[in-house]
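J.: Got a structure here, written out as structure tokens. Questions coming.
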Amino acid sequence: MRHGVAWALLVAAALGLGARGVRGAVALADFYPFGAERGDAVTPKQDDGGSGLRPLSVPFPFFGAEHSGLYVNNNGIISFLKEVSQFTPVAFPIAKDRCVVAAFWADVDNRRAGDVYYREATDPAMLRRATEDVRHYFPELLDFNATWVFVATWYRVTFFGGSSSSPVNTFQTVLITDGKLSFTIFNYESIVWTTGTHASSGGNATGLGGIAAQAGFNAGDGQRYFSIPGSRTADMAEVETTTNVGVPGRWAFRIDDAQVRVGGCGHTTSVCLALRPCLNGGKCIDDCVTGNPSYTCSCLSGFTGRRCHLDVNECASQPCQNGGTCTHGINSFRCQCPAGFGGPTCETAQSPCDTKECQHGGQCQVENGSAVCVCQAGYTGAACEMDVDDCSPDPCLNGGSCVDLVGNYTCLCAEPFKGLRCETGDHPVPDACLSAPCHNGGTCVDADQGYVCECPEGFMGLDCRERVPDDCECRNGGRCLGANTTLCQCPLGFFGLLCEFEITAMPCNMNTQCPDGGYCMEHGGSYLCVCHTDHNASHSLPSPCDSDPCFNGGSCDAHDDSYTCECPRGFHGKHCEKARPHLCSSGPCRNGGTCKEAGGEYHCSCPYRFTGRHCEIGKPDSCASGPCHNGGTCFHYIGKYKCDCPPGFSGRHCEIAPSPCFRSPCVNGGTCEDRDTDFFCHCQAGYMGRRCQAEVDCGPPEEVKHATLRFNGTRLGAVALYACDRGYSLSAPSRIRVCQPHGVWSEPPQCLEIDECRSQPCLHGGSCQDRVAGYLCLCSTGYEGAHCELERDECRAHPCRNGGSCRNLPGAYVCRCPAGFVGVHCETEVDACDSSPCQHGGRCESGGGAYLCVCPESFFGYHCETVSDPCFSSPCGGRGYCLASNGSHSCTCKVGYTGEDCAKELFPPTALKMERVEESGVSISWNPPNGPAARQMLDGYAVTYVSSDGSYRRTDFVDRTRSSHQLQALAAGRAYNISVFSVKRNSNNKNDISRPAVLLARTRPRPVEGFEVTNVTASTISVQWALHRIRHATVSGVRVSIRHPEALRDQATDVDRSVDRFTFRALLPGKRYTIQLTTLSGLRGEEHPTESLATAPTHVWTRPLPPANLTAARVTATSAHVVWDAPTPGSLLEAYVINVTTSQSTKSRYVPNGKLASYTVRDLLPGRRYQLSVIAVQSTELGPQHSEPAHLYIITSPRDGADRRWHQGGHHPRVLKNRPPPARLPELRLLNDHSAPETPTQPPRFSELVDGRGRVSARFGGSPSKAATVRSQPTASAQLENMEEAPKRVSLALQLPEHGSKDIGNVPGNCSENPCQNGGTCVPGADAHSCDCGPGFKGRRCELACIKVSRPCTRLFSETKAFPVWEGGVCHHVYKRVYRVHQDICFKESCESTSLKKTPNRKQSKSQTLEKS
């Protein structure tokens, strides 16, 4: 019995408290962190505004679809696909893609108070909290790990219509996802208002009443949704006391799937399964308040209450407008609209004219509540469907026949009668009033030419048939001649369309004479003559020629209303007013003829052999053949002629037609104007076109907004009539437009809306709103109706609660309450236990309008009507779920328990760790559960591994004897959630599992591809690699590392995956480095980053430093001696490469001496420019490594000016040096080329200047077979002229004598013994002498005779460098590049000593000879 009572008490507590089992709210400290200090963005302070579209960094799943953006709306709602600015909430479900998550959808106004914050969050603290919340509220998802959170917070916001001192609410929406599953959490701190004060919401000044806030979420398909209980009712003011997760003010849902899943603790007894308390299709939700089970009913649309037992009164929000009466239905309402309004909520103003159709341009008007058609002239009938017979009675006189027209008639008169009614003729007409032509009481007055009808007030027209419209605009006493037109009959002295112009002088009273005494008629300020029948009609108006406008005897020719003058000879001008100039001034006489004038003519006196009027005929007569056409006159000249063309023609033979206007192309009185090769016609009034051939046509007139249009034509004088639509009136300037002479219509009218509120139709203080063709009365409190003429029904506000019905009384109402409720408004609930509903001795307890039966032992149910089952005593406890079957029970154990009644705890493995990580696999190990008993229960382990994006999931079963496992076939660089469970097999094929031991592991990513070294300098090494778009999809970065052999560790740098190259800088020259690359997957610590296997070590030597301070120490005509800084001690250099480059070729010398600091380049040509490059070579295990070249530019000395000598008698020569500074290039010139020769012819010059050692020091132009002899010692530089044939080769240089009597034979280093052999020239020095050898000899004393022997050899040309590297036929691989082979001729030098041979002495001569060497 104790168990039954305990269970009943729990159920009683659940039913008594419902969703409000625990009072309270979520404190701000328990909200997810928010605010500006957290980096939140804030929505604009705008009524019904929001954040606009906010792109998301990860897609968010919602009802089976992924969304990449969302909107944070100020009105308490997060929406996908589109922004939601609607402020009055709509009951879920909603269609039309309204995908929304609404914590509190209401009319929020953040302009008055509060802020709306929002942000994305991926920081570890937020993700950890979100993960813990989801795992707690959804215990079946213990492997869930949040990767993204979105937080939106409405902080201290008030309602529309409120102020800064109005009540404020604070609530929050949290979105959570791991990329596959998604959840939302609602947090409510303080909810004190529910509704805005807008008319459609209906809230009061405190933010309560009307249509309250909606909470929940909606899929947007009109079917799938969830509404938090109490949505759109007054219960939303206490939503902070409700929950579905055991925390008052907090709701949690999973929202990624096609079906809604509601959160719960999952460890309490289900009240919903036991009682099923929700009615009318409401969904029951178990709350998990520890020790106090309760439930919440989520009602279908149209129902409310704790158990969804109350039908929502949709009329409470007063949806019917304009005085409509609301009738309540189930989840619906219907509005009965008053007269003049329609639509679902009586929102549309209606008029009797909406269904009335008037024909033939008739206008509908409302008169006394009915629609009446006001017809256009000529039509009648209820719908203007009948044409008025204007010929009844017959208005035509004197036997004329009447033809009926629309709104008019015309008379076909018999001879000799005419006039509008055939009233004019040759015979006296009887009294025209005898036929009583005037209608509607009009008085007929007989006139000379007929009759005139004087119409009574309200009528007009020729016969008083037409009713005067209310808006007749005729001025100065004018009468309107037709309805809906502005045609005025003006009184005497006025004219114009509206009789607006006064005639100051009557034209017919100013002695105006009409031809043959015709009758004068005033017309528009002018006059017209009505001629007698037998008078010529052309005299009805004066002729333009009547004033004799042509002078000097010119004749006038009239053309309609214009004229032209034909002038006599000698005059011209429009009126023949101008005299022509002297006839002879134009020189008409040809061929030297003399012109004489007489009597207005001229005469030509022709010279000999010419005749003719203009002396144009000669012999022979060229005009005899008649070459001039079109009447041209031929003038004869000697052997030729010229045509004098008549007016209008031109050309050599007058063959060119006249000007365009010559043929008078303009018709209908148009005036022609010549325009180059074309003409232009100035047309008379009423005509248009290129030749004035068409009458003026204005085309159809344009439409005017809010007006209908009628027009009688498009020609000159045609009239267009505009009639404003119902609800609009004419403003300016006129309703009539006239087709004007220049082919356009006159200014159009305007139709402006009529203010129907001007008459103040609303009664009892109601305010009037103007509408098109109508008005709307907004009634004051207590009145209603179209004009606020009715007193309001107090029951319309639905004051009765809990389903009570209202009865209206004069100035009051009374509520009839349903069973269970009493009070003035049925607000008090009666004791539900009065009916004794409990069976089998159950005790009834009431509360909150409901009751609960506390059942005795062995009975349960809502009324204790059901016999107890085996699960009543909860044999499975809180460790499993009990299932009854055939009087027995079975337990389905929860995670961590096993055994028959789930009484044994199943322990998980411990010390789960990672042993090895590879690209496609992971090795893990663990320890079995502690204790022999715990191990005895085990049947094995379940190893589950799931990829972080959920795309891969697998579970392996591992035998109990093993404590490690290899996870295979994994993707490279991918993160996996690994869970290991202890497993106990059951006989019912359902295994019990322990809580998991979890581990997050990531496989190694793939290494880079295509790694290579792209460039090496003395201080940098550049490398590049490639990442494949698919194979390296999980790679987030690349780590490049380098190590010097003497360094203790690598120097590593991480670069982004988008980078594919890197340069190591600040390296030491000539050193060996080791380079390796690895890829990285996952950068942050929480992502468990891994690194790929490194690439194979790549050894790279940096280049050695190039030679420093390269300079030219000495430059001669054929050699250059260069020096540079010696290598530092310990240098690994093994050789140098010297490149000699001209503009045509490059030669290289390989010098295998790494300690070299100078080098002499020989075999150069005098006066040439060279580029010298020196490259240092270092030997490595990878082959020779070369430095960058050091460059030097030189110009060799010319022959003359390098070394100058003069040989005199027995004295030894003294060499004068002309050596330039080492840093400058030599600039050698011909010594004696400064003065011009004495004779005009330049004498031949020598071709070479040879020094004492037989070396060419300068080359010049000249004859190669000539020589110059210098006869005496020059006082200045010798001028080498007077070239002679030389009998033999002489190798001498210019020599100068020694000065003084000093004995130079004993000077050290002198040349007194002439030690040089083979013609070598001795050069004395300070301490020693040197020999300057001739061609073909070498050695210190020129003792070696050398010859060069050619032989074929192979030269290698670099594909990347332009210069081959070779020395004496031996190729040196200076660059580690690809070479191509080229066959060439090389020279090998062979030398032989001549010391045993006697060298002939040189013969001294008093004269010195210079010869080509």
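Numbering starts at 1 and runs along the chain as displayed.
Cβ atoms are placed via backbone N, Cα and C, with glycine included.
Okay, these came from Swiss-Prot:
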SIGNAL    1-24  signal peptide
CARBOHYD  N145  N-linked glycosylation site
CARBOHYD  N204  N-linked glycosylation site
DOMAIN    268-309  domain 'EGF-like 1'
DOMAIN    311-347  domain 'EGF-like 2'
DISULFID  C315-C326  disulfide bond
DOMAIN    352-374  domain 'Follistatin-like 1'
DISULFID  C358-C373  disulfide bond
CARBOHYD  N368  N-linked glycosylation site
CARBOHYD  N408  N-linked glycosylation site
DOMAIN    429-465  domain 'EGF-like 5'
DISULFID  C472-C480  disulfide bond
CARBOHYD  N484  N-linked glycosylation site
CARBOHYD  N536  N-linked glycosylation site
DISULFID  C545-C556  disulfide bond
DISULFID  C550-C565  disulfide bond
DISULFID  C589-C604  disulfide bond
DOMAIN    657-693  domain 'EGF-like 10'
DISULFID  C666-C681  disulfide bond
DOMAIN    696-753  domain 'Sushi'
DISULFID  C779-C788  disulfide bond
DOMAIN    791-827  domain 'EGF-like 12'
DOMAIN    829-865  domain 'EGF-like 13'
DISULFID  C838-C853  disulfide bond
DISULFID  C855-C864  disulfide bond
DISULFID  C876-C891  disulfide bond
CARBOHYD  N886  N-linked glycosylation site
DISULFID  C893-C902  disulfide bond
DOMAIN    908-1006  domain 'Fibronectin type-III 1'
CARBOHYD  N977  N-linked glycosylation site
DOMAIN    1007-1105  domain 'Fibronectin type-III 2'
CARBOHYD  N1015  N-linked glycosylation site
DOMAIN    1106-1200  domain 'Fibronectin type-III 3'
CARBOHYD  N1109  N-linked glycosylation site
CARBOHYD  N1139  N-linked glycosylation site
DOMAIN    1307-1343  domain 'EGF-like 15'
CARBOHYD  N1310  N-linked glycosylation site
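Help me picture these features in the structure, burial and contacts included.
T.: In the three-state DSSP reading, N145 (N-linked glycosylation site) counts as coil. Under a cutoff of 8 A between CB atoms, and with a sequence separation of 6+ in the same chain, the neighbours of N145 (N-linked glycosylation site) are L127, T131, D178, S948, N977, L1000.
Under the three-state DSSP scheme, N204 (N-linked glycosylation site) falls in the coil class. Taking all protein chains in view, 12 other C-beta atoms sit within 10 angstroms of the C-beta of N204 (N-linked glycosylation site).
If you take every residue in the domain 'EGF-like 1' (268-309) and average the pLDDT, you get 62.
Below 8 angstroms of C-beta separation, residues 200-202, 210-211, 232-233, 300-304, 774, 776, 779, 784-786, 790, 796-798, 803 of the same chain, each at least six residues beyond the ends of the domain 'EGF-like 2' (311-347), sit close to that stretch.
According to DSSP, C315 (disulfide bond) sits within a helical segment.
Same-chain residues lying 6+ beyond the ends of the domain 'Follistatin-like 1' (352-374) with a Cβ under 8 Å from its Cβ atoms: 381-385, 484, 708, 710, 723, 725-726, 773.
Following the DSSP three-state reduction, the secondary structure of C373 (disulfide bond) is strand. Same-chain residues at least 6 positions away in sequence with a Cβ under 8 Å from that of C373 (disulfide bond) are, in sequence order, K356, C358, Q359, G362, Q363, C364, Q365, G381, A382, A383, C384.
If you draw a 10 Å sphere around the CB of C480 (disulfide bond), it holds 22 other CB atoms from the protein chains shown.
Classification of C545 (disulfide bond) by DSSP places it within a helix. Close to C545 (disulfide bond) in the fold, though at least 6 residues off in sequence, lie C556, D557, A558, Y563, each with a CB less than 8 Å from its CB.
In this structure, C550 (disulfide bond) belongs to neither helix nor strand by DSSP; it is coil. Every protein chain considered, the tally of other Cβ atoms within 10 Å of the Cβ of C550 (disulfide bond) stands at 23.
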J.: I'm trying to understand the geometry here, so how far is the Cα atom of C681 (disulfide bond) from the Cα atom of C589 (disulfide bond), in Å to the nearest whole number?
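T.: C681 (disulfide bond) to C589 (disulfide bond), Cα-Cα distance: 39 Å.
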J.: I need to check the long-range neighbours of the domain 'EGF-like 12' (791-827): which residues 6 or more away from its ends have a CB within less than 8 Å of a CB in the stretch?
T.: 310-311, 313, 315-316, 318, 325-326, 779, 781-784, 849
J.: Measuring CA to CA, name the entry from the recorded positions N204, C838, N1109 that ends up nearest C604 (disulfide bond).
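T.: Closest candidate to C604 (disulfide bond), judged by Cα separation, is N1109.
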J.: Taking helix as H, G and I and strand as E and B in DSSP, count the residues of the domain 'EGF-like 10' (657-693) in helix, strand and coil.
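T.: Per-class counts: 4 helix, 12 strand, 21 coil.
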J.: What's the CA-CA gap between C779 (disulfide bond) and C666 (disulfide bond) in angstrom, rounded?
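T.: About 73 Å separates the two Cα atoms.
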J.: What whole-number Å value do you get for the CA-CA distance of N1109 (N-linked glycosylation site) and C902 (disulfide bond)?
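T.: For N1109 (N-linked glycosylation site) versus C902 (disulfide bond), the Cα atoms are 92 Å apart.
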J.: What same-chain residues, at least 6 away in sequence, bring their CB to under 8 Å of the CB of N1015 (N-linked glycosylation site)?
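T.: Listed in sequence order, they are I1021, S1022, T1063.
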J.: Relative to the Cβ of C326 (disulfide bond), which residues of the same chain, six or more apart in sequence, are found under 8 Å away?
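T.: Those within reach of C326 (disulfide bond), by Cβ under 8 Å and sequence separation of 6 or more, are E314, C315, Q318, P319, C320, F333, R334, C335, R796.
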J.: Hey, how far is C589 (disulfide bond) from C550 (disulfide bond), Cα to Cα, in Å?
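T.: So the Cα of C550 (disulfide bond) lies 32 Å away from that of C589 (disulfide bond).
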J.: Just jot down the residues in the same chain as C876 (disulfide bond), at least 6 apart in sequence, with C-beta under 8 A of its C-beta; none if empty.
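T.: Set apart from C876 (disulfide bond) by at least 6 residues yet with Cβ under 8 Å, we have C882, H889, C891, T892, C893, D901, C902.
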J.: If you measure from the CA of C855 (disulfide bond) out to 10 Å, which recorded positions from the list N204, C550, C666, N1139 are inside that radius?
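T.: Matched recorded positions: none.
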J.: What does DSSP give as the helix, strand and coil breakdown of the domain 'Fibronectin type-III 1' (908-1006)?
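T.: Split into helix, strand and coil, the domain 'Fibronectin type-III 1' (908-1006) gives 5 helix, 51 strand, 43 coil.
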J.: From the Cα of C853 (disulfide bond) across to the Cα of C666 (disulfide bond), what is the distance in angstrom?
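T.: Between the alpha carbons of C666 (disulfide bond) and C853 (disulfide bond) there are 113 Å.
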J.: C838 (disulfide bond): which of the recorded positions C480, C550, C565, N1139 is the nearest Cα neighbour?
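T.: Out of the listed candidates, the nearest Cα belongs to C480.
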